[in-house]
Structure formats: C-alpha cells, structure tokens
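The block underneath contains the structure these notes are about, expressed in structure tokens.
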Amino acid sequence: MSGRIVSREDPVQSERHSEAGSVAPPSKVGVPPRKNAWEEFKSVVNETFFSDQPLRHFKDQPKRKKVALFVQGLFPVFQWGRGYNFSKFKGDLIAGLTIASLCIPQDIGYAKLANLPAENGLYSSFVPPLVYAVMGSSRDIAIGPVAVVSLLLGTLLSQVYDPVKEAEEYKRLAFTATFFAGVTQLALGFLRLGFLIDFLSHAAIVGFMGGAAVTIALQQLKGLLGIKNFTKKTDIISVMRSVWSNVQHGWNWQTILIGVSFLVFLLATKYIGKKHKKLFWIPAIAPLTSVILSTFFVYITRADKDGVQIVKHIDKGINPPSLDQIFFHGDNLTKGFKIGVVAGLIALTEAVAIARTFADLKDYEINGNKEMMALGTMNIAGSMTSCYVATGSFSRSAVNYMAGCSTPMSNIVMACVVLLTLELITPLFKYTPNAILASIIICAVIGLIDIDAVILLWKIDKFDFIACMGAFFGVVFDSVEIGLLIAVSLSLFKILLQVTRPRIALLGKLPKIAIFRNILQYPGAKRIDGILMVRVDSSIYFSNANYVKERILRWLADETEKLKDQSLPIKVVVIDMSPVNDIDTSGIHAIEGLYSHLQKKEIELALANPGPVIMEKLLAANFDKLIGEDNIFLSVNEAIKTYAPNAALDP
C-alpha cells in the first residue's frame with residue numbers, strides 16, 4: 001500500500017510528471033537515532049523532573065567542592081552570606097524594621113481572621129522567617145501570615161471545631177493542618193513536583209484572590225461596626241443580612257468613629273505611597289501608628305466601657321513548643337491532613353508567584369523546588385512552635401523590595417523585632433480596639449482586587465475572564481472552598497478543552513513567497529488547486545485524535561462541495577506537522593484511519609515536517625511503509641513542489 005492510487009486523468013499527477021525534469025528531488029526528513037526503552041524512559045524523567053539540571057554545578061568538581069555546593073544548595077545562607085557586607089546590612093536593616101512595623105498589627109488582625117489568639121499571629125512572624133532566611137532563595141519575599149490563607153484556615157477549621165467553645169481542639173487542629181501544609185510543600189519540592197501548582201491558572205487565581213478579598217473585607221464589618229452577634233457564614237448575603245439586622249441596636253457609634261477614621265487615614269497613606277514611590281515608608285508605618293494612636297485614645301477615654309471591643313490580652317513571651325499538640329492519630333489526623341494540603345497549596349502558589357515577580361524585577365533566578373522545600377520546612381518548624389501556616393505576603397514583600405533589601409537578612413531583622421514585641425510590648429496591646437485591626441485588614445486586602453488584570457483578561461481571553469468571574473462569585477456568594485473548587489475546576493476544564501479540541505488551521509500560500517499560513521490570519525494567502533493544506537497546532541493524543549481526523553475530513557467535505565462544479569477536485573491532503581511535538585498510538589491510529597478514508601476517495605495523504613519524536617514513532621508503527629516514504633516531506637513547500645510545481649516558489 002505504499003504506492004499512490006491516482007487515476008491517469010489526475011491533473012495534479014499529470015502536472016507533476018510533466019515538470020519532473022525541472023523539479024529537484026525532495027529532501028528526506030531526518031530520523032533521530034533509535035533509543036532503547038531505558039534511554040527513552042531516562043530522557044522523559046530528566047525532562048519532566050530535572051529540566052533545570054540541578055546537578056550541573058557538581059560536574060568535574062573535587063569531592064570537597066561538591067560537599068560545599070551541596071550545603072550551599074540546601075542552605076543558601078552560606079552562599080549569600082560569603083559576600084555579605086555592612087552596605088547590604090544597612091539596606092536589610094531598614095527594610096526589616098519597615099516590614100516589622102507593618103507585620104505586627106497585620107499579624108494580630110490575621111490571627112483573628114483565622115479565629116486564633118493574637119499571639120499565634122505574632123509567633124508566625126518569628127520562627128518561620130528565621131527558617132526561611134536560612135533555606136530560601138528569594139531575596140525580597142517577606143514571610144508571615146497572610147489574609148487569604150488565614151481566611152481559608154479559619155473557614156475550614158470552623159467546620160470541625162467551634163473556635164470559642166472548643167478553642168483548645170481548634171488550636172490543635174490548626175497546628176496539625178500547618179504541619180501537613182509544610183509536609184505537602186516539602187514533598188512537592190523534594191519530589192520536584194512543583195509544576196502541579198501551575199494547574200491553577202492565573203485567571204482563576206485573580207478571581208479567587210479578589211473574591212477572598214471581598215469576603216475578608218465583609219467579615220471585618222463585625223469589628224468595624226462593633227457588632228457582637230455576627231454570622232459565622234462568609235457569603236455576602238448572610239453577612240449583609242447580619243449587618244442590617246443589627247443596625248438598630250448592634251452598631252456602636254464610638255467603634256464606627258474609630259474604625260472609619262483610621263480606615264480613611266490608612267487609605268490616604270496608601271494612596272500617597274502609590275503616587276510617590278519614595279514615600280513607601282508612610283503606608284508601611286501607618287498601621288502601627290494607627291494601632292498606637294487608637295490604643296492610647298481608648299485607654300485615656302476608657303471607651304471599652306462604652307462598648308468598644310478591644311484585644312484584651314496577648315500572651316507574653318516567645319513561641320511555646322506545640323509538637324505534643326499535633327494530632328498524629330485518629331480522625332483529626334485525617335481532617336488536619338485535608339485542610340493542610342489545601343492551605344499548603346494555596347500558600348505555595350502565592351509565595352512562588354511573589355518570589356518569581358520580584359526575582360524578575362531584580363533580574364536573578366530562584367529555584368522553585370528549593371523554594372517549596374524552604375517553605376515546607378519553615379511551616380513544619382512553625383507547627384511545632386505554635387505557629388499557623390505562613391507564606392510570602394505580597395504587601396510586605398513589596399515594602400521589603402522598595403525599602404532596599406539585599407538579602408533574606410531583612411526577614412531575620414523583622415523576626416528580631418517581633419521577638420522584642422513578644423517579650424516586652426504585648427501587654428500594651430490590651431486596649432487596642434478591634435476596629436483598628438479591621439481597618440488594617442480591609443486596607444491590606446483591597447490590594448488583592450486587581451481590576452486592571454480583570455480588564456486585561458476580558459480583552460485577551462473571554463474564557464479566562466469567565467474562569468476569573470466564576471472563582472470570584474463562587475467565593476463571594478458561597479464560600480472559600482466553593483470558590484477554590486470552581487477555580488481549580490475551570491483551570492482543569494480549560495486544559496481539557498485545549499487538549500481535546502486543538503486548533504487546526506487551513507493553510508494558503510502567501511503571494512511571491514514560499515511560506516504557508518493560516519488563511520484566517522492572512523486573507524491574501526492563496527489555496528493551491530487540487531491540494532488541501534492543514535496544520536495541526538497541538539500534540540495528537542487519545543483525547544483529540546478522533547477530533548483531528550474528523551475535522552480534517554469535514555474540511556475536505558466542505559472543500560469538495562465548493563469545488564464540485566470545477567474540473568480540479570481535491571486530490572492531495574497535506575498535513576503540516578511542525579507544531580505537533582508528540583503523538584501516541586491513538587494519534588497514529590487516527591492518521592492511519594484518515595489515510596484509509598482518503599485512499600477510498602483516491603486522495604493522497606502527505607505529511608510535512610514531522611519532528612524527531614513523531615518520526616521515531618511513525619517508523620516504529622511502520623506508518624512510513626503504509627503511506628510511502630516519498631509522501632513524508634521536509635516542509636509544506638517541498639510537498640507543493642512535488643504535487644504542484646507551477647504553484648510552488650523556491651525561497
């Protein structure tokens with residue numbers, strides 16, 4: 001079956017024969033050396049898990065140097081610490097002090113968002129940053145609790161234990177979830193499975209973060225308005241119903257005055273910092289300034305006696321050990337594991353995105369897998385020292401970057417300030433009003449709503465916009481879990497849609513040049529009489545093989561219908577395989593079926609420019625013998641020079 005089934009009257013074949021003397025023989029498509037099963041398996045594993053060649057630095061190095069490189073790889077502090085000097089320390093000191101002034105009030109507020117004692121928020125900005133500074137590769141990321149993860153933990157943990165009535169069990173489950181969040185992150189880094197977090201698309205993340213920001217802000221209405229009896233649900237309808245049902249007797253005007261006044265102040269300083277980059281330190285110190293002023297105001301006026309809710313008590317001292325509080329058996333182990341995996345993945349996605357953003361700004365590289373191992377290790381250590389899930393904070397990292405940090409030393413400086421706060425200052429937070437913490441959180445999460453990104457999604461990709469809005473409304477109108485589920489589902493659905501329905505283009509030849517392009521993109525591209533040229537813009541797998549075959553046959557039927565009154569029907573189908581980087585047995589079977597179908601209609605099939613992987617598999621399936629070796633061409637132009645020499649043009 002290697003010959004062509006073409007009638008004597010075939011105009012295409014006649015033209016080919018008449019011009020045979022003037023057409024150079026087509027070049028043969030290169031065939032890569034055949035690999036055995038072990039070599040092929042090793043190649044796939046290396047490309048999937050070790051594409052960054054992590055051991056390249058060890059090549060041709062003496063044993064002592066290899067040990068030093070291994071230690072530096074595991075603990076980057078030994079790498080950046082060698083060239084550390086006073087000039088760098090000065091920048092890190094200023095940056096560390098600046099982010100410390102921002103993190104202290106935020107930590108107290110985020111702990112309340114997670115339904116945990118305020119001190120646990122401060123603990124989470126002490127131990128984890130120290131561990132990350134030793135193991136992390138990002139110079140700019142600032143570690144600590146963040147709003148979205150705090151909300152997620154608070155929501156998921158509250159479904160198991162009541163944070164008020166079962167406070168001890170609730171806290172233990174939080175430590176258990178933190179432990180397994182760290183284990184998840186460490187495992188993904190160690191097993192080099194970091195690519196899994198890329199399955200959550202940018203559009204879904206934008207929608208999820210925006211929805212979470214709205215939900216967090218709505219939750220703060222309790223503290224901002226001084227409402228005591230507030231719903232435990234997070235959807236916007238339940239929250240607004242709870243707010244308005246308390247409007248007559250539940251709102252406290254003193255609380256509203258404090259909260260709204262300082263919220264306006266915080267938003268004003270944020271605006272100033274955004275407009276004048278050199279004044280970044282103003283919005284950075286504004287939260288701590290607000291806490292100091294509001295605490296002093298409540299203390300001298302004793303507004304707490306008039307219904308203004310205050311923090312009341314924060315335990316003094318550094319992190320107490322909590323290893324014995326982690327659930328390592330029973331039902332709570334499973335529950336903690338499930339919550340930890342979800343929280344760990346969200347925290348990981350946020351931290352890696354932040355680290356990559358600032359690495360691009362400063363033009364240095366970070367190792368994603370090492371980042372995951374560092375984040376995992378710090379959360380495991382944190383779970384054993386009364387911390388809950390910590391990750392990179394975008395607002396603090398931005399301040400860290402603008403303050404001139406040079407190394408992760410800024411995290412150490414911040415941790416030292418938090419340590420001093422825990423040892424000396426926590427009793428002073430007794431009269432801090434909850435309203436000011438609500439104002440700080442609202443101001444912080446506003447930045448998570450990225451309107452510009454949503455507009456860009458609408459302009460670029462409508463499906464991305466739908467995914468974004470789906471995740472957003474899922475969080476706002478139902479819950480964080482539903483929003484997250486929608487975000488993941490829509491991300492996976494888009495992948496499946498792109499895999500199962502790849503783009504297939506109908507090609508035409510550009511005037512006066514031997515280049516063939518999509519006729520929809522280039523209306524001036526001309527079709528070649530008697531030849532149907534198509535390009536498959538995807539790998540051909542079991543999931544799309546039949547679609548590719550049926551789409552080509554449908555185009556053939558359409559073209560045949562258009563040309564039925566003309567003397568030159570379609571006699572050759574040329575498939576440009578340039579974009580096809582892989583094919584499986586189902587794909588080969590589909591092309592064989594296409595070939596058989598075309599043969600019955602006395603139409604020839606030609607392949608143009610199949611890649612090395614494609615050629616290797618086609619040869620293994622003896623497809624070259626079925627179709628004929630002379631029907632596999634180096635390019636579409638080579639095929640056209642063979643089948644329609646007068647229409648081809650040498651480049």
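Using N, Cα and C of the backbone, Cβ positions are placed for all residues, glycine too.
Those TrEMBL annotations? Automatic predictions, nothing curated.
Keep in mind the model is a prediction, meaning the values are calculated, not measured.
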Fill in: Given ranges 98-118, 371-391, 413-433, the stretch to which TrEMBL attaches the annotation transmembrane segment
371-391
Fill in: Region pair the transmembrane segment (280-300) / the transmembrane segment (436-458), three or more CB pairs under 8 Å
yes
Worksheet item: For the domain 'STAS' (521-643), what does DSSP give as the number of helix, strand and coil residues?
Response: 59 helix, 21 strand, 43 coil
Discussion item. Which residues of the chain, 6 or more past the ends of the transmembrane segment (339-359), have a CB below 8 A from one of its CBs?
Written reply: 137-141, 146, 148-149, 152-153, 156-157, 160, 173, 176-185, 188, 194, 197, 200, 205, 365-366, 368, 371-372, 375-376, 379, 389-394, 397, 401, 481, 484
Worksheet item: Counting only pairs at least 6 apart in sequence, do the transmembrane segment (371-391) and the transmembrane segment (141-161) share 3+ Cβ pairs under 8 Å?
Response: yes
Practice prompt. Could you check if the transmembrane segment (436-458) is in contact with the transmembrane segment (203-221), meaning 3+ Cβ pairs under 8 Å among residue pairs at least 6 apart in sequence?
Written response: yes
Worksheet item: For the transmembrane segment (173-191), which stretch among 141-161, 203-221, 470-493 has the most Cβ pairs under 8 A?
Response: 141-161
